[in-house]
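Chemist: According to TrEMBL:
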- A:136-199: domain 'CBS' (DOMAIN)
- A:200-256: domain 'CBS' (DOMAIN)
- A:284-304: transmembrane segment (TRANSMEM)
- A:310-337: transmembrane segment (TRANSMEM)
- A:358-378: transmembrane segment (TRANSMEM)
- A:384-410: transmembrane segment (TRANSMEM)
- A:422-445: transmembrane segment (TRANSMEM)
């Protein structure tokens, strides 16, 4: 329990102003753990602890803090302290910090940084949220194609301290267009006198500045890359995305898709620290929309009011039948949405999958009809059993096909297929379920049409 | 469209037995792309194409194929061809291939491999599915702590071709216990005459053989590692897990959790290639369980049959009310389940989250009650509006709290919290919703208790 340790040992060290002990204590933690620990104490104390660390570690810990903590901490720091942080953060984290600072501090803080670094930060901070540009870093390593492997290793040795990742090296031409890449492993394994241009790979995976961040992350995962070069429209190298950032993006995207699948809007931070009103706002939109969607089910029920009045026993099976359609549909939608997100299925697979879903849903519907017809016979006799079983098959089929098709339709309309959430599919399946059920009941029980 | 190209250019090259052209064509692809392309042709043709490749590339492509393709391809290969593959696959992929081979081929194939390699493969193949042991590789690099940085670089240069990852190097003692680690970056930046033991890090992140694979992947992502050392119960180094395998594990775990969230059992392969009966089997279990769960809702409705007969208009609001509870509950459950999976919340957070959910759910319930009371007034007058609004608040509160608590309860019982799927929460919310709704209706409309 970090808080307990902190409250005890650390507080006493701070009280007796034993900087040495405090620093030693803090240095035992990995940056990400220390960032977590800092979030358990008040902001002022966190700022004080941070200041005990040497500036390189301080920047490393700071980079792991969530945006709102960064914002609060910088408010209490001087311009000089902030610009010091900016200089030591990885370039992509520095650009994120710029987003956090209030407008009027921007220039004051940036003025204290060397020109080249300042421009790189400004540029990085200017790319649109969610694009490859917004998550790339400018701390990568290039070597000229004409030098030898031995010379390249010297270059790397010299610039390693400032680069975020030195295991993949790039070569560019005079216009800074990306022309080749090679890994440090290949460098080490080649003879020192070999020329870079003879040992580099020219056919490499890369991405555009404006590509979606999740697509960039998918390339890194698919090709097992350590870093992915990002080029502008003129094929000029402008940055790299590192594997660790790709992992974070993939995790965030999976979270966003899961939340969408339960009709929750995208949360910027994590659930534990989200504010009450944010949670309310992210949840109420779809809940209200679905209330109105459910009115269709209500209207269907109202339309068949006489049928219900004649056979109140039918209401017993209503939740069971419509929920079954919704559940089968949610399954199909989830399978499709996730497979689309991981790239396992393409839009063109839709016909094949539809046929398959018809077969699977028939099996599911038949099994569930058999189960439910026994209860139907027990509660309402043979006719009711027949109504319930037939309805089950039709409702499960309909629900499954809605679940399967909806993500494809949404995608076609240019929307995110993940919008085909379980609750949305359930609401559609419910409305059609009500109509199917009572229509079949009317027909089999020989009731007059309403 | 790879298939089209294949059918045209490649088929002609094969027909005229132009091996050179075929090989050149194939070598233009990245291994993972070629593996995908192979899956679009019949197995025999795939095997033939694979054989055109030099053995190193062949192994690399083979490693990217799904298990059932590997199995079919090896059936058509000679023992010698299989053992050649085994030798050139990464050790962890080789161990997976051993799982695919029929028992009687195991020994025949292994006998053609050098003793040390054979034992490593056998050991790797013996770890339980889903553990750190099952995804680690034995192709890692160790150096003695006593040698210098320069000597270590020579060792690395020599063994680089056989190691899967050379960017993180480990040191072990005479008992093969893990004592330190350092990155190739640190090696390069240090003076060649420095001793490894003086520059290595001794306090490092590691995992046990029996740790869950998703926990190992989480460590890699949390600490931005390139590889995670795996130790046995005696702290001996037995393998490493590489960052790219961690990415695959994280993706597979997210998929499994999403599927669980929609009551779909874990699929071994991907959705597109899953067999009909597998899909049926993975989906029917929970669908049937939930049918019986929904009988509780049915029983609640049957209990209040007289109330319904007296006020048939109440049925109009039934789907809307109970679905709203289920939807709010699914949101809460999804937020909790995903935060648990990513490690953003711990079991100990439950009290704080409960209070927060009460506040958020009140807000949601009040808003939805306001929306629905208007419709209630329009359809059934003031009394019905009152019944519907009050029910909405209570049902949304109940659903939300069920959704929030269920993952914690399941976790306490030692089950996977992801079992708290949207359909399960909906079914529980439905049953309680029916009871709440009709109880409130009976009370406000002054009906006799059933």
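Here the Cβ of each residue, glycine as well, is placed from N, Cα and C on the backbone.
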Chemist: Please figure out which one of A:310-337, A:358-378, A:384-410 racks up the most CB pairs under 8 Å against the transmembrane segment (A:422-445).
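Modeler: The stretch with the most contacts is A:310-337.
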Chemist: Who are the long-range neighbours of the transmembrane segment (A:284-304) in its own chain, taking Cβ under 8 Å and residues 6 or more past its ends?
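Modeler: Residues packing against the transmembrane segment (A:284-304) from afar: 263-265, 322, 421, 423-424, 427-428, 430-431, 433-435, 438, 441-442, 450.
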Chemist: Given a Cβ distance threshold of under 8 angstroms, which distant residues of the chain, six or more beyond its ends, lie next to the transmembrane segment (A:310-337)?
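Modeler: Apart from its flanks, the transmembrane segment (A:310-337) reaches 257, 261, 297, 345, 353, 357, 361, 364-365, 368, 372, 375-376, 379-380, 384, 387-388, 391-392, 395-396, 398-404, 406-408, 417-418, 420-422, 425-430, 432-434, 437-438, 441, 445, 447.
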Chemist: Any idea what the model's mean pLDDT is for the domain 'CBS' (A:200-256)?
Modeler: 94
